[in-house]
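These features come from TrEMBL:
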type	residues	note
DOMAIN	5-128	domain 'Na+/H+ antiporter MnhB subunit-related protein'
TRANSMEM	7-29	transmembrane segment
TRANSMEM	35-54	transmembrane segment
TRANSMEM	66-88	transmembrane segment
TRANSMEM	108-133	transmembrane segment
């Protein structure tokens with residue numbers, strides 16, 4: 001890639017993560033949107049792999065450790081709002097705080113069970129996205145022939161009259 005492309009990719013990486021966090025916190029309906037935030041952050045990582053290749057992009061600490069961390073911690077955090085209410089005799093996915101109760105806030109962000117669930121979904125989607133992108137990029141860099149390509153290489157196309 002050209003030097004200009006590499007500079008643009010480096011400059012766009014942090015804003016893509018910030019945009020993902022913005023969507024995570026406020027989303028489309030003011031509660032957050034963990035799935036879309038995870039996809040946006042994964043696309044920022046995809047740009048790094050496309051521009052720099054597997055060898056260089058995989059050396060970034062965020063890219064190296066997020067698949068395992070995101071999948072394990074994300075699944076745990078996403079399941080917390082489901083099963084913690086069971087410990088208190090409530091139904092699964094019981095909303096906290098209950099309607100009419102005061103809500104803990106940080107600025108305009110309200111800490112409710114939906115936020116915890118969205119953070120878990122974000123980590124899960126981001127971890128899977130980076131892991132899948134990294135896996136495909138590694139296969140391409142090592143010259144692995146995909147199944148569809150292998151069939152074309154082994155048997156020539158036969159034409160029928």
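Just so it is clear, glycine is given a Cβ too, placed from its N, Cα and C backbone atoms.
In summary, the transmembrane segment (7-29) lies against the transmembrane segment (108-133): three or more C-beta pairs, each 6 or more positions apart in sequence, are under 8 Å.
Across the domain 'Na+/H+ antiporter MnhB subunit-related protein' (5-128), DSSP assigns 89 helix, 4 strand, 31 coil.
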